[in-house]
Amino acid sequence: MTGPAEGVNMMGYANIQQITAGIHFRLRARTFIVAEESGKGPCFAFVNLDAGMASQLVTIKVLERLKARYGDLYTEENVAISGTHTHAGPAGYLQYVVYSVTSLGFIQQSFDAIVTAIEQSISQAHESLKVGSIFINQGDVENAGINRSPSAYLMNPADERAQYANDVDTQMTLLKFVNDASGKSIGAFNWFATHGTSMSKDNTLISGDNKGAAARFFEDCQRSKVRKNDGSLFTGAFCQSNVGDVTPNVLGAFCIDSGKPCDFNRSSCHGNDLLCVGRGPGYPDEIRSTKIIGERQFKTAVDLFNSAHERINGKIDYRHVYLNFTDIEVELEGNQVGRTCPAALGPGFAAGTTDGPGAFGFQQGDTEINIFWKQLRDLLKKPSQYQETCQQPKPVLLSTGEMFEPYAWAPTILPIQILRLGRLIILSVPGEFTTMAGRRLRKAVKETLISNGNGEFGDDLQVVIAGLTNTYSQYIATFEEYAQQRYEAASTLYGPHTLLAYIQEFKKLAKAMATGESINTTGPAPPDLSSVQKSFVLPPFAHPPPPGIKFGDMKEDVNLPAGKSFKKGDRANATFWSANPRFDLLTEGTFAVIERLEGERWVPAYDDDDFCLYFKWKLDETYSHDLAAIEWEVPEDASPGIYRMRHFGSFKKTKDSPTEYFTGASSAFNVVDK
């Protein structure tokens, strides 16, 4: 599901200048399906995407395709589609305006790549259903995330904070899937909270970030390369949880001008949010940071996988409902009543975070909007008095829930979902819960199931949050965190009682599950806005190579070192005359390959789905020819021998002409141990 590797904005940082220009490693959809052994009982499918988040429109179109294939077997009730929250994937696949401004609208190629991958992933899982066993294990991941809004976390009650050792959740929950007939393990899915922001907002290479890296390491160590598809595939998925205030930039946030720590309450430097930037463990090398945070999750997952002996037994069940989140009545303490609000963003949203600072002139924690931004806001849409009152203490910078031109700016109808696999409960939430918000939701659901389950649920019940699932509605902060209006609170769309509304409605689903009751699902359904999407992204240009040169020819051959051989850790580079990678995404293919000479045959050893190989697209110095730069960091496990680089691509002579394909190869070079 990698999508267009050139000329498309990336989803996550909302940085209009962050445009794809190559591939670090490819993005994938990974699915597990569980069903009653008889095949006649309940089942559900859980899909983990190397994407920023799920999309309502993606979910709608996937379900349409599944209905055409399987009838009513897979529906919105028992399919969960969850994003890892990488900030290095192509944008343009969500249907609401606020999420497509920086991508210049809807991008059909991004959308199709994701929808097709999900459909195929679910189909592959369905067709390979086998009688098997599932084991569960939990353990802590060390130093893979810290709280990026610690001052907001401290707003929560002291007695509540005292119940937890850390201001982030460190526990990973892992499922291990085993084929009973062969005794072989076929997959593992885990949930752990840390942001997909090891790659910075200046990165232009498509990447699964730290969770995608962890999946790559896990799958490669279990079954060689997943893309060889030799019939023994192993699926290792690293899923997202209540990630709202958790950053992988674990060294902390520092002022880039002075090197000193940022302001604790506002994460700014001398009042400037742009100067405060988080540092990953590989600082200043973001790819090294991505690898380190990925390895920390991977190593914990391997330990949990190898020691997982507790088998899951019990029911498969699910509950799902759509809710109009702009107007939910919430029961408050003291017989008081509150309401959720139409969606709105505060000025703290514009400030961004330490992972990716936002616009100049804003700071996290802002509770006032200056006259210039108010006037600009009012040109778009002046918020109603009801909205301003409802959202307090958030000042309304953008009243997205009241903006409908050219179509809706923010979601109104949201799905919530509970999946049950024996004693594991998965809560599908359409947003990013902060650490404490997630803890409150998990606790409320667990207590509801136990108290209404007539002994069916015990204290060993495990509840995990699957964040960014089925659609996307930004953040969910606690009521106390909302008061400070840092980024997460300013991005909590539906007002100060958003979390309470989630807890209230999830408890209804949990009670229905515990008592065996069905849920009324005839409520409001989310809209399909595919017919009104706008797109302003230009199609790829057909730049021919210079006269006398063919696509795939070398521009710069491999940069042989002084010793004429590459050693482990060295980086080999070559540049090819190329064409725009948007002409063909080469899905399940590759733009770059490292081949090793075995006898008289060149055998593929690494491709652009490997962490060590980089495909970089660029224009030449005249801006009239396409170039592909291939870089290979020789890994420690590379076998000594003779290698070469290959480049694959495609082009069109005119808009209506057929796609033509080309290849190119570098000169051979030697790799030695020392």
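Just so you know, glycine gets a Cβ as well, placed from its N, Cα and C.
As recorded in TrEMBL, the features of this protein are as follows:
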BINDING   His85, His195, Glu432, Tyr475  Zn(2+) binding site
DOMAIN    1-504  domain 'Neutral/alkaline non-lysosomal ceramidase N-terminal'
DOMAIN    506-671  domain 'Neutral/alkaline non-lysosomal ceramidase C-terminal'
Shell of the Zn(2+) site beyond His85, His195, Glu432, Tyr475, same chain only (C-beta within 8 angstroms of their C-beta centre): Gln240, Val243, Gly244, Val246, Gly431, Gly467, Leu468
Same chain, 6+ residues apart, C-beta under 8 Å of the C-beta of Tyr475 (Zn(2+) binding site), given in sequence order: Gly244, Gly431, Glu432, Phe433, Thr434, Tyr487, Glu488, Ala489, Ser491, Thr492, Leu493
Other CB atoms, at most 10 A from the CB of Glu432 (Zn(2+) binding site): 30
Cβ atoms near His85 (Zn(2+) binding site) (within 10 Å, other residues, all chains): 28
Tertiary neighbours of His195 (Zn(2+) binding site) (same chain, Cβ under 8 Å, six or more apart): His85, His87, Gly145, Arg148, Val243, Val246, Thr247, Pro248, Asp355
